[in-house]
Amino acid sequence: MGKEAMSIGGIVGIILVLPEDLESPGGGAAEVRLEAGGSRCAGRVEVKEQDQWGTVCGYGWDMEDAAVVCKQLGCGSALEAPRYGHFGPGSGPIWLSDLECQGTETALSECKHDDWRKDYCVHARDAGVVCSEPSESLWLVGRGSRCDGRVEMLLHGTWVRVLDDQWDVNDASVVCRQLQCGEAERAYNPPKPERGTGPVNGAGRCAGRVEIYYEGTWGTVCDDSWDLSDATVVCRQLGCGVAMEAPGSAHYGKGSGKIWLDEVNCSGGEAALWDCPAKAWGQHDCRHKEDAGVVCSDSALSCAAEVRLEAGDSRCAGRVEVKHQGQWGTVCDFGWDMEDAAVVCKQLGCGSALQALEYAHFGPGSGQIWLSWLRCTGTETALSECSHHGWGKHNCYHAEDAGVVCSGKDRRVRLVNGTGRCAGRVEIYYKGTWGTVCDNSWDLSDATVVCHQLGCGVAMEAPGSAHYGEGSGQIWLDEVNCSGGEAALWDCPAGAWGQHDCRHKEDAGVVCSEFTALRLEKSNGCSGRLQVFYNGTWGSVCSNSMTPDTMSLVCKELGCGDEGFLETDLPYGRISGSTWLDRVECGKMNSSFWQCPSAPWKQQSCYDQREETRITCSEMEKIRAVGGEDGCSGRVEVWHRGSWGTVCDGSWDMKDAEVACRQLGCGPAVSALRKAAFGKGTGPIWLERVECRGTEQSLWDCCTQPGDSGACQHKEDAAVNCSGFVQLVGGDSPCSGRVEIRDGEQWRTVCDSHFGVKAADVICRELQCGTVLSIPGAAHFGEGRVRLVNRAGRCAGRVEIYYEGTWGTVCDDSWDLSDATVVCRQMGCGVAVEVTSSARYGEGCGQIWLDEVNCSGGEAALWDCPARAWGQHDCMHKEDAGVVCSEFTALRLEKSDGCSGRLQVFYNGTWGSVCSNSMTPDTMSLVCKELGCGDEGSLEADLPYGRVSGPTWLDHVECGKMNSSFWQCPSAPWKLQSCYDQREETRITCSGIQLCP
């Protein structure tokens with residue numbers, strides 16, 4: 001059955017006859033997309049129903065379901081079907097759950113599933129997919145089916161649209177046959193719209209010369225006053241992310257014909273380029289050598305990390321956050337200065353930097369702290385281009401998050417002095433300064449425009465008489481008279497800027513419908529009834545489904561500690577006032593109370609006072625090391641419920657110690673000590689079991705069990721030795737790298753001019769790293785380094801070289817085992833067992849440093865081999881070279897669930913078994929922990945008789961409680977055949993509590 005064509009910006013549309021017409025509950029196959037995965041063929045699965053995008057629950061999600069998604073998107077076959085929010089939690093409805101696809105369906109909505117929008121799932125379980133990418137160089141997109149949509153072709157590694165004024169059904173039939181989609185019924189070449197925009201002559205649709213379609217012809221834009229704010233509008237209009245560059249001077253070649261726009265002056269928030277202030281259409285004083293261009297974040301030219309400013313009063317002020325590996329995180333303020341801030345403002349198109357703020361001026365963030373010790377020069381176009389310590393490497397807390405205030409662009413509006421961004425005194429930024437609005441004739445229509453402009457819903461109140469306090473400085477507007485439909489407050493009729501007969505006691509204010517706030521009502525702010533402000537009034541939260549996670553999040557958000565306790569001795573009686581919310585169910589993945597699932601907003605969600613939530617929060621918890629000499633070693637004690645207490649050593653290991661040392665600000669951990677090594681503590685034992693991954697910022701971020709069972713005594717108090725004032729940075733382990741010494745709150749390097757074996761030996765002893773092997777100077781751990789990335793280990797992956805301050809890849813032209821051998825030797829990873837090409841370990845980004853490498857195999861470093869000059873190549877990142885070295889090791893349990901079966905290790909290029917002689921519960925427990933399969937394992941005993949097939953690499957593996965990794969455990973030497981009988985192979989089934997999801 002044919003369907004009407006969509007007119008997509010004058011682009012070719014094609015409608016096809018499908019073999020059958022299967023309909024979803026929404027009246028046809030539901031559209032599907034993959035989000036947050038870095039490409040259109042990998043990411044979190046989202047489906048569109050009732051004109052709204054939502055996610056798919058991971059319950060029952062498997063490879064058959066994933067196969068249907070890949071097929072529907074024209075993305076080849078399914079490689080992985082990850083669950084549990086692998087690509088980050090989504091938002092909005094969870095449309096589908098418990099899918100039972102056969103793998104033969106053409107759309108996900110055709111699979112058997114539970115009713116649309118079941119409420120028992122949470123976004124932490126959102127399903128994901130990794131597809132193999134399309135095998136064809138042609139596909140149809142935009143309509144949710146592989147046989148219906150806009151024609152796109154793969155050209156030089158980039159998908160581009162097909163434009164053809166003469167497109168007809170004969171052309172369409174060729175496409176249909178190529179895609180094995182039957183015959184084309186009709187082919188649409190819809191008339192061009194009155195206006196359209198797009199980049200031309202770049203690398204794909206998201207970078208190039210800007211051209212606009214107007215009055216039947218395409219024309220360019222002059223670069224007079226062209227900047228990132230203008231480019232931001234173009235990128236948003238094209239769905240290409242944010243603007244990274246705004247090149248002029250015909251950077252992408254000279255256009256021809258019309259020059260449609262000149263002196264474009266966007267604020268950055270407009271919906272289309274022609275909504276920005278500019279000269280009249282076709283009026284200009286330019287030539288085509290001045291044609292403007294853009295590079296958007298979604299283009300093939302941009303590898304820069306996205307940046308945003310949060311919790312400020314506009315998009316140009318706030319806490320600095322960057323996006324890395326699909327996740328937003330903050331920037332540490334160590335070394336933060338105006339040069340760094342200038343780059344952020346430039347990247348966002350927010351003018352120049354006014355302030356570079358420290359100590360979480362805009363409030364502490366949550367999640368990752370991605371960057372620290374940035375050293376921008378101010379000339380970079382993106383923050384991720386600046387020199388820094390490495391992604392995720394820092395010694396910071398969120399109390400040290402960096403912030404920025406930029407000059408902004410032209411005019412902005414904000415609400416101040418209210419408890420949230422959607423209520424307060426109205427202020428406008430104009431001519432470089434903030435000023436207020438006079439309340440003469442101020443009413444709900446005026447307030448509605450402000451609320452709409454801020455994305456805060458509709459106006460509930462329009463208070464005057466400086467209800468939110470008197471402002472200072474300028475009074476910018478008076479006699480404002482909006483109709484309510486204007487896009488911005490300054491579009492409304494009003495007196496001239498700065499002309500008024502008012503004083504600040506007449507400052508206008510606003511309360512918008514989306515203003516929400518949270519409080520505990522007692523005077524200390526940390527106990528009492530839990531209330532939310534919604535729809536203009538405070539109301540209670542009901543206690544049904546209230547969990548410790550929810551109470552903990554409330555206390556954290558209010559700055560009242562990390563724990564809360566529910567008050568239970570409540571009076572009987574009817575509640576007075578609103579009870580806005582019930583069944584609030586926060587989980588460990590939620591970073592804000594407002595992210596938590598709940599029942600819908602309702603004025604009366606419960607009626608009895610005994611159902612109201614009353615919480616008492618604990619004080620903010622702290623940590624200290626007691627009994628050592630310098631505060632960086634000693635018995636670990638934590639502050640909880642008003643007193644200091646100890647930590648039990650039951651599961652205490654180096655990962656836990658690493659987190660404790662980080663929280664203490666004492667550098668890396670040297671040892672994790674047990675059995676009251678610094679003496680017995682007194683008082684409570686607050687934590688009985690701590691399970692850290694080693695990357696957390698504090699012990700409170702780790703999975704823990706309270707110490708109230710009585711199972712521990714003070715003779716089992718845990719302790720740490722931290723490096724304190726010395727650390728090794730940039731190496732491949734804690735025992736190699738650049739020497740850095742702590743000076744107050746800063747880490748500083750050591751000059752190598754008089755640095756000898758004796759000094760190095762002291763450092764090795766202090767870090768408990770044995771004896772000195774070598775003392776490479778001349779910034780050995782800076783310029784001129786090689787690494788292998790994107791694989792589970794340091795001895796296999798994509799080859800990358802550090803040169804001229806940035807990492808880049810190596811092209812696979814003529815790449816062979818001789819080249820790979822040099823890399824493996826240089827890395828200390830043995831010999832090369834496999835050489836990979838065609839970006840087997842994923843495409844890199846940025847520079848391609850070397851091409852046509854031709855090593856003999858005996859060179860000391862890859863850059864000693866014959867090759868083209870640095871940076872000269874004819875390659876793309878789909879040709880990135882890779883290596884597997886003989887010392888690459890990995891661990892697995894071979895059954896499909898990954899948590900049971902033969903224990904195998906990857907060594908010398910092949911998988912082999914581990915023999916069970918000397919196998920202990922500690923070893924099995926460590927294997928299960930390392931594989932994320934719980935904290936206990938049991939040995940399968942009923943094994944068949946017969947000769948082992950394949951290598952049996954290890955025997956007599958004897959892990960102890962002090963080991964934090966399987967690879968630290970003592971064992972017999974590596975041997976191709978360590979045992980011969982299948983009854984000697986180690987088969988484990990993991991179980992026990994998985995403390996961390």
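Just so it is clear, glycine is given a Cβ too, placed from its N, Cα and C backbone atoms.
Going by TrEMBL, these are the annotated features:
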- 32-132: domain 'SRCR' (DOMAIN)
- C57-C121: disulfide bond (DISULFID)
- C70-C131: disulfide bond (DISULFID)
- C101-C111: disulfide bond (DISULFID)
- 138-200: domain 'SRCR' (DOMAIN)
- 197-297: domain 'SRCR' (DOMAIN)
- C266-C276: disulfide bond (DISULFID)
- 307-407: domain 'SRCR' (DOMAIN)
- 413-513: domain 'SRCR' (DOMAIN)
- C438-C502: disulfide bond (DISULFID)
- 518-618: domain 'SRCR' (DOMAIN)
- C542-C606: disulfide bond (DISULFID)
- C586-C596: disulfide bond (DISULFID)
- 623-723: domain 'SRCR' (DOMAIN)
- C648-C712: disulfide bond (DISULFID)
- C661-C722: disulfide bond (DISULFID)
- 726-784: domain 'SRCR' (DOMAIN)
- 786-886: domain 'SRCR' (DOMAIN)
- C811-C875: disulfide bond (DISULFID)
- 891-991: domain 'SRCR' (DOMAIN)
- C915-C979: disulfide bond (DISULFID)
- C959-C969: disulfide bond (DISULFID)
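Here the features listed in TrEMBL are painted onto the structure.
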{"residue": "C57", "record": "disulfide bond", "Cβ neighbours (10 Å)": "24"}
{"residue": "C101", "record": "disulfide bond", "Cβ neighbours (10 Å)": "23"}
{"residue": "C111", "record": "disulfide bond", "Cβ neighbours (10 Å)": "20"}
{"residue": "C276", "record": "disulfide bond", "Cβ neighbours (10 Å)": "19"}
{"residue": "C542", "record": "disulfide bond", "Cβ neighbours (10 Å)": "26"}
{"residue": "C648", "record": "disulfide bond", "Cβ neighbours (10 Å)": "23"}
{"residue": "C875", "record": "disulfide bond", "Cβ neighbours (10 Å)": "17"}
{"residue": "C915", "record": "disulfide bond", "Cβ neighbours (10 Å)": "26"}
{"residue": "C969", "record": "disulfide bond", "Cβ neighbours (10 Å)": "19"}
{"residue": "C979", "record": "disulfide bond", "Cβ neighbours (10 Å)": "19"}
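In the predicted structure, the domain 'SRCR' (138-200) carries a mean pLDDT of 60. C111 (disulfide bond) sits 55 Å from C722 (disulfide bond), counting Cα to Cα. The Cα atom of C722 (disulfide bond) lies nearest to that of C979, taking the disulfide-bonded residues C70, C438, C502, C979 as the candidates. Considering only the disulfide-bonded residues C101, C121, C596, C661, C969 (disulfide bond) has C661 as its nearest partner by CA-CA distance. Taking every protein chain shown into account, C606, C811 are the disulfide-bonded residues, and of these the Cβ with the most other Cβ atoms within 10 Å belongs to C811. Across the structure, C266 (disulfide bond) and C438 (disulfide bond) place their CA atoms 27 angstrom apart. C606 (disulfide bond) has C121 as its nearest neighbour among the disulfide-bonded residues C121, C276, C438, going by CA to CA distance. Rounded to a whole number, the distance between the Cα atoms of C712 (disulfide bond) and C811 (disulfide bond) is 57 Å.
C266 (disulfide bond) has a Cβ environment of 25 other Cβ atoms inside 10 Å. Within the same chain, the domain 'SRCR' (413-513) stays apart from the domain 'SRCR' (623-723): fewer than three Cβ pairs sit under 8 Å, each pair at least 6 residues apart.
In this structure the C-alpha atoms belonging to C712 (disulfide bond) and C661 (disulfide bond) are separated by 23 Å.
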